[in-house]
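J.: Starting off with a structure, shown below.
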Amino acid sequence: MVNIFVGFIIVTFQREGEREYKNCELNKNQRKCIEYALKARPRRRYIPKGHLQYKIWSMVVSKKMEMTIFFFIFMNTVTLACKHDGMSPTFSSVLDGFNYFFTAVFTVEFILKLSAFGFRHYFGDLWNVIDFLIVLGSYIDIIVSKVSFV
C-alpha cells in the first residue's frame, strides 16, 4: 500500500513539473540552454607551480605545439601508408629511418609532457595514455624488427 502511495506522489509530482515546464515563457532552445548549463561541470586544469615546469607546460599545451605534433602525426601516417610488398631495400631503409625519426619526435613529446604534467596528471588523461602506448608500441616494433634480422 505504501508503494502505491509513493508511486502516486511521484507521478503527480512529475505531471505538475511537466505542466509548469510547458507553461513557462522560455522557448525550446532557451530551455535546452538552461538544462545544459545546469548539467555542466567545470573542467579541471592542471597548472604547475614550479617556474621551469610552468614554462614546459605552457609550451606543451600551446596551439603551436598541438599543430606541430598534428603535422608529425600526419607525416608519420603518410610514411606508414608508403609500405608495400616488393619494396626495394633502399626504400625500406628510408622508411625505417623515418620511423626512427617519428618515434624520436613522439618520445620527446612524451618526455616534455611528462615533465610538464607530472606522472599522476599525465597518466590521468586518457589521450596521454593512448599516446604513451603508441610510443611504447613503436619501440616494441623497432626492437622486434631488429631482433628478427639478427
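Note: Cβ is positioned from N, Cα and C throughout, glycine not excepted.
Pasting the feature list from TrEMBL:
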DOMAIN    65-145  domain 'Ion transport'
TRANSMEM  67-86  transmembrane segment
TRANSMEM  98-119  transmembrane segment
TRANSMEM  126-144  transmembrane segment
J.: Sequence-remote contacts (6 or more beyond its ends) of the transmembrane segment (67-86), Cβ cut-off under 8 Å?
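T.: Same-chain contacts beyond the flanks: 95, 98-99, 102, 105-106, 109.
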J.: Please work out the helix, strand and coil residue numbers for the domain 'Ion transport' (65-145) from the DSSP assignment.
T.: 72 helix, 0 strand, 9 coil
